[in-house]
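Q: Here you go, one structure.
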Amino acid sequence: MADKVRRQRPRRRVCWALVAVLLADLLALSDTLAVMSVDLGSESMKVAIVKPGVPMEIVLNKESRRKTPVIVTLKENERFFGDSAASMAIKNPKATLRYFQHLLGKQADNPHVALYQARFPEHELTFDPQRQTVHFQISSQLQFSPEEVLGMVLNYSRSLAEDFAEQPIKDAVITVPVFFNQAERRAVLQAARMAGLKVLQLINDNTATALSYGVFRRKDINTTAQNIMFYDMGSGSTVCTIVTYQMVKTKEAGMQPQLQIRGVGFDRTLGGLEMELRLRERLAGLFNEQRKGQRAKDVRENPRAMAKLLREANRLKTVLSANADHMAQIEGLMDDVDFKAKVTRVEFEELCADLFERVPGPVQQALQSAEMSLDEIEQVILVGGATRVPRVQEVLLKAVGKEELGKNINADEAAAMGAVYQAAALSKAFKVKPFVVRDAVVYPILVEFTREVEEEPGIHSLKHNKRVLFSRMGPYPQRKVITFNRYSHDFNFHINYGDLGFLGPEDLRVFGSQNLTTVKLKGVGDSFKKYPDYESKGIKAHFNLDESGVLSLDRVESVFETLVEDSAEEESTLTKLGNTISSLFGGGTTPDAKENGTDTVQEEEESPAEGSKDEPGEQVELKEEAEAPVEDGSQPPPPEPKGDATPEGEKATEKENGDKSEAQKPSEKAEAGPEGVAPAPEGEKKQKPARKRRMVEEIGVELVVLDLPDLPEDKLAQSVQKLQDLTLRDLEKQEREKAANSLEAFIFETQDKLYQPEYQEVSTEEQREEISGKLSAASTWLEDEGVGATTVMLKEKLAELRKLCQGLFFRVEERKKWPERLSALDNLLNHSSMFLKGARLIPEMDQIFTEVEMTTLEKVINETWAWKNATLAEQAKLPATEKPVLLSKDIEAKMMALDREVQYLLNKAKFTKPRPRPKDKNGTRAEPPLNASASDQGEKVIPPAGQTEDAEPISEPEKVETGSEPGDTEPLELGGPGAEPEQKEQSTGQKRPLKNDEL
């Protein structure tokens, strides 16, 4: 038995060690549970967080505002963000960057680069020699790419979120415009990597808005489809989205609400910024007219003046949305000349007349892509700040033909709230109610390849093939597999955008390269040589369009199959064990797995994709990997495969149906042979049927990016280091400013305290003069040399002054604490003395305290009284300017020692059972002696709660010093004369615990 116990002890230790490790991991994880979202707009951003106990909250910035301008000011030795950077735009417009998101993923020849240069001529733009991307040249030493600037903004947004959440945050969902292509989305992901953020998803801002709308109206969604149109006009662009809300049946969670993006239309340059720029141009013209005869320079040539005019134009646009006219005025616009001019709403609408004509464009695009009419749209909801312009609402209302426009959504914060809900859903730390999101592909993607064919004997030609990989408005995230059946050697294929005819000529120029990637395969021929006896099933390329809308090539495989005889003896013990475990947890072996045997590589179920019709004789097949399907009765069934495009897909479907029928009829399967052949004789039944063995060989892949080359890893590492250095510099600057402010505040506060009576009472004139002189010298040093002083020097100067004033502050603080501490000590001494007196009056037959215990308490009481009187007498002899001998910490120590003794006796009284009284001949308890005092006769020991008076007495507990640690013991509160000694039963029938004042 002892040996068995010894064997179990190590196991228990291991179990406890594992529990400790798991608890440590959970505690560490609890510190990083918060997630965030960043609604990255052209003009401003909104940040939201979710953390335990704080569901979906918008983060306030340092100015306590819910919206932060996306502006960065970069100087040689400091950076400014948000409102601080906006104010710096007037002083240093060249170093202040705004609207830089318009340059993400753009090369030098993109029309948006020229448009940005025309709008903001104060910025000097240079170009990367390898990638031909844009860089901001701030000075000869400072140069930043748009990705780096965006990384700074994302890092700043994280700092705001961390300050608000009071814990570190790494996981984030970032919104991007729906019209961002692959290059622009990859640029945002690179910026997030530079900032050290883990991007859970890049969510389209229109999808985030639709999700926020659906989450807060979950009860209104039912099985009937509801089509809602969201019209979002922001600062830089306009997007119109048609969303269908409906309850659908899912395999994982049953009936759940779903939003599906049905149609999208957009205008990249239609927004509030263009209106402000036209107002700025109008104001600049008015100012030049006012100074026409003064030979003054054109105000457009002054960057500071133009920055002031742009700020005034922004304010003017907002005011004119609610007023018919307004007076624009700027003090000291240029050359100390003030500007003042009246602008009416009619003038503003005339300036932007062509912009208002473009308002219905995105609506028509969205309807066309969704293949819907306006009659099918139930409601049109406004989103975005620019939709507050009255003329925009008038034109839009006329275009959609509705009675009114919906304004029942927070136009500024809806996207941020939807994105943070998605962040919580993607995070493993939170459990949210499911909401199915089916986003849509805006730009179709296809695969192109060229193959040599023999049209006539001896005549060869090249045939160009195209296969649509992801069709326009198709759902994503999604995986696709394309199979090349007629290649036995290395070859190349190309991934390009599909038909972009829905874009205008100017939009196509802004879009950039329509070629994405060239894929070069290496090792195809070697794979055929490795398996000469196997039948080739083609070269399979696996594609993934992830949640962020970013396309990737997961892998390319060469697949071979052959028929082998199935023998039960060939199965090893390990294989049998694995099959048993799989059947237990996976519900049994699938027909495909049985057919392919143990050497197979499980593939996702494949189905023909749209637009994959081949020419006669073509064997290239496009398939879709199965994901958790959503049953939606409103969607039309997929088109049936035609011709020779998907022969393998048809066979797979037939085989699947056959497997299902076999599973439903096991008796028929047992009687019938393979392929429906009649049952074989008994002798032949012993032979095992042949099975397929599949072999998969990984093919080497070389990717040549054509749209925009990714930033090399070494360059990316340099950018990461650059941003980290800037962040460290900012932190050091903040630390230095904090030290300087602390030193300055200490000097002013102490100089003021020297003239207060309580400080003059405990100090001599010489002491105050010494301190005052040191403070004045430190103040002079801070003004003269403090500008160049380091953080360490400032902290050392502050420590020196605090040490000088330490004695003075100590004497004042002690005198402030004396009345309260001495009063508490007196109360405790009085209550303890009363408690001791009451304990000694307990009759001997009921006494629960020993003489040693009561003597010990009496000794502590007497020693405390003696210490107090002696210390007070000694303190009275000392002058107030000397260090006191009566210290508050000593008073607290004496109180703790006394309280510890009393608490011990109270605990003993609480848990000790009363002694049973002897009974007389009549069966009644003996009365107390006649000579007992009145107080003795009235005294009664109350038994603990839950025990009867007849219970057996328990042994006397050992003396345990409870509450011996400082701060764990409260002063005793004993009742005065007349306190009720007996306990009253509570309503529950139990007796409440004994209190200190009831003995």
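Glycine too: its Cβ is placed from the backbone N, Cα and C atoms.
Per Swiss-Prot, the features are:
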COMPBIAS  611-626  compositional bias 'Basic and acidic residues'
COMPBIAS  641-672  compositional bias 'Basic and acidic residues'
CARBOHYD  Asn155  N-linked glycosylation site
CARBOHYD  Asn222  N-linked glycosylation site
CARBOHYD  Asn515  N-linked glycosylation site
CARBOHYD  Asn596  N-linked glycosylation site
CARBOHYD  Asn830  N-linked glycosylation site
CARBOHYD  Asn862  N-linked glycosylation site
CARBOHYD  Asn869  N-linked glycosylation site
CARBOHYD  Asn922  N-linked glycosylation site
CARBOHYD  Asn931  N-linked glycosylation site
MOD_RES   Ser567  phosphoserine
MOD_RES   Lys883  N6-acetyllysine
REGION    578-694  region 'Disordered'
REGION    909-999  region 'Disordered'
MOTIF     996-999  motif 'Prevents secretion from ER'
SIGNAL    1-32  signal peptide
Q: Would you kindly give the Cα-Cα distance separating Asn869 (N-linked glycosylation site) and Asn862 (N-linked glycosylation site), rounded to the nearest Å?
A: 11
Q: How many whole Å apart are the CA atoms of the residue listed as 'N6-acetyllysine' and Asn155 (N-linked glycosylation site)?
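A: For the residue listed as 'N6-acetyllysine' versus Asn155 (N-linked glycosylation site), the Cα atoms are 51 Å apart.
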Q: Please identify, among the glycosylation sites Asn155, Asn222, Asn515, Asn830, the one with the smallest Cα-Cα distance to Asn869 (N-linked glycosylation site).
A: Asn830
Q: Return one of helix, strand or coil for Asn830 (N-linked glycosylation site), based on DSSP.
A: helix
Q: Name the secondary structure element type, per DSSP in three states, that contains Asn515 (N-linked glycosylation site).
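A: In three-state terms, Asn515 (N-linked glycosylation site) counts as strand.
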Q: Closest to Asn515 (N-linked glycosylation site): which of the glycosylation sites Asn155, Asn222, Asn830, going by Cα position?
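A: Answer for the nearest of the glycosylation sites: Asn155.
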Q: Give the distance between the Cα atoms of Asn222 (N-linked glycosylation site) and Asn155 (N-linked glycosylation site), rounded to the nearest whole Å.
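A: For Asn222 (N-linked glycosylation site) versus Asn155 (N-linked glycosylation site), the Cα atoms are 41 Å apart.
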Q: Below 8 Å Cβ to Cβ and six or more residues apart, same chain only. Which residues does that give for Asn830 (N-linked glycosylation site)?
A: none
Q: Going along the chain, which residues six or more apart from Asn155 (N-linked glycosylation site) have their CB under 8 A from its CB?
A: Ala195, Gly196, Leu197, Leu723, Thr727
Q: Output the one of Asn222, Asn515, Asn862, Asn869 that, of all these glycosylation sites, has the highest number of other Cβ atoms within 10 Å of its Cβ.
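A: Compared across Asn222, Asn515, Asn862, Asn869, the most Cβ atoms within 10 Å surround Asn515.
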Q: For Asn155 (N-linked glycosylation site), just give me the three-state DSSP call.
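A: DSSP assigns Asn155 (N-linked glycosylation site) to helix.
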